[in-house]
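*Asks:* Okay, here's the structure, questions in a sec.
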Amino acid sequence: MDMACFSAVMAVSALAFTGLSVTKPTAHRVFHQTAALFCFVAAIGYWIMGSGLGDIPTVVEFARPDSAMVSGAGPGGTRQIFYVRYINWAVLSPLVVLALLLSSGAPLSLTTMLATEIYVVTLLVGALTATSYKFGYLAFGIAAQWFVLYQLLMPGRQHAAAVGGSVSSTYLTAALLTVVVWIFYPIAWGLCEGGNILHPDSEAIFYGILDIFAKPVVGFILVLGHRNIDFASLGFASQKPGPVGEKTTVAAPAGGVSNGGGAA
């Protein structure tokens, strides 16, 4: 299963979310559109990797027998590092977290979004580091990741439980799946970019399977689970858009318009 297959899965999922969205009122398409967007971004990323772009040979610290070395530079050779994968994650991972927070009715947190970016960036820097300092970056990344997962499991779950019904059950399913899958990303990193244990082809399959569960599967859980909810319970307005250029006229109070000042 190569990169093109994963790209196809992401692209088909994005099209499915887009198709499902047309059956819903405009104000009720937020989860369809968010899921379609992060799957579309993932499809582009896998297509770039499948076309042989977005990677760089990086000197490895740990030379392994029969490991894939793309050149003989350095004492242990080099490993193919797909930096475009991390650029892809930096764009779409906050979208996944955003969709989850929106689905719980929790207030949006800029801190949580920033922690998601820190998690991705530190893993990228670690992957490009040729010494044991890479594991320091991994530790920073895991700390940021755990902060995000805490926000999903505690405040997010509490807000969803306060709404109740299918909102609570859908959020809990999607959030728990996200937490479990995200825990495997640092493990994959340690076996691939960090420890140079798995072949880059095995790395692609490992990350690809995780991405399918973390993006399309989570997206379908949110879209299908929230298909019949009252969006007002999550704080979404349900107004129908008016004609383009329509203006709302506010009637002046009797006795004229007051500018906030007292009578002279």
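Every residue number used here counts from 1 along the chain in the order it is shown.
Cβ coordinates come from backbone N, Cα and C, glycine included.
From TrEMBL, for reference:
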- 31-49: transmembrane segment (TRANSMEM)
- 86-106: transmembrane segment (TRANSMEM)
- 118-148: transmembrane segment (TRANSMEM)
- 160-185: transmembrane segment (TRANSMEM)
- 205-224: transmembrane segment (TRANSMEM)
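Set these features in their place in the structure for me.
*Replies:* Long-range contacts of the transmembrane segment (31-49) within the same chain, counting only residues at least 6 positions beyond its ends with a Cβ under 8 Å from a Cβ of the stretch, are 3-4, 6-8, 10-11, 13-15, 17-18, 20-21, 24, 55, 82, 84-85, 87-88, 91-92, 95-96, 98-99, 102-103, 204, 208, 211, 215-216, 218-220, 222-223, 226.
Note on the transmembrane segment (86-106): residues 30-31, 34-35, 37-38, 41-42, 44-45, 54, 112-113, 116-117, 119-121, 123-124, 127, 148, 151-152, 155-157, 159-160, 162-163, 167, 170-171, 174-175, 178, 214-215, 218-219, 222, 225-226, 233-235 of its chain, located 6 or more positions outside it, place their CB under 8 angstroms from a CB of the stretch.
Panel annotation: around the transmembrane segment (160-185), residues 96, 100, 103-106, 123, 145, 148-149, 152-153, 207, 210, 213-214, 217-218, 221-222, 225-226, 228-229, 233-234 of the same chain, lying at least six beyond its termini, place a Cβ under 8 Å from a Cβ of the stretch.
Sequence-distant contacts of the transmembrane segment (205-224), counting only residues of its own chain at least 6 positions beyond either end whose CB sits under 8 Å from a CB of the stretch, comprise 1, 3, 5-6, 9-10, 13, 17, 20, 31-32, 34-36, 38-39, 42, 46, 85, 92, 96, 99-100, 103, 170, 173-174, 177-178, 181-182, 184-185, 188, 191-192, 198.
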